[in-house]
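Copied over from Swiss-Prot, here are the features:
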- 5-127: domain 'RNase III' (DOMAIN)
- 41, 113, 116: Mg(2+) binding site (BINDING)
- 45: active site (ACT_SITE)
- 116: active site (ACT_SITE)
- 152-221: domain 'DRBM' (DOMAIN)
């Protein structure tokens, strides 16, 4: 059994005027093939992007576009959405098909997508200003902690590999899935003496950065 959605409203200090759109934002297509959260997720993804982009411009008015773009990608990707969704325990409230009524573990992508759907529902019910406050409240510590060292992971890994092994890192595209408007890339990277490190991203470039970051973490923890 799922936890009552009203508890989620109380936890997040929300009060939806339209309860139907709130429940819809928590409904996966496996539970209801018609009234599910796919389209609201599409909207929520755009609203999240708008708010984060606006905040980054306010914080870094003189920063180069390329750096802003990478900061942006690190704040709106699936990994970050999942991290925030887990923090508010969103997975407890998602409606998914469970024919045997057993305790199941919901896929990470479904949880991350549901957070975007919830954002879309808040926007439709409360408007942009309220949604902006909601997003910035959840993302504030992540925005201030967005560090350039992680953004430049691919460059750092390349420099390390050339210095130590005299060859470039090897990147391999594992998969490209998801709908056209919301692709999900999986990329693996390895150095001459390492295993492959795999990560995902909303673009191939983003996935490569995330994989490079994992590889660097492994190198420097030794």
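Keep in mind that glycine also has a Cβ here, set from the backbone N, Cα and C atoms.
The two recorded residues, residue 113 (Mg(2+) binding site) and residue 45 (active site), show a Cα separation of 9 Å.
With all protein chains in the displayed structure included, the most crowded Cβ environment within 10 Å among the recorded positions 45, 113 is that of 113. Between the candidate binding-site residues, 41, 116, the densest Cβ environment within 10 Å is the one around 116. Spacing of residue 45 (active site) relative to residue 116 (Mg(2+) binding site) is 5 Å (Cα to Cα, whole number). A Cβ within 8 Å of the Cβ centre of 41, 113, 116, the residues given for Mg(2+), is found for these other residues of the same chain: 37, 38, 40, 42, 44, 45, 81, 112, 114, 115, 117, 120.
Within the domain 'DRBM' (152-221), the DSSP-based counts of helix, strand and coil residues read 31 helix, 20 strand, 19 coil.
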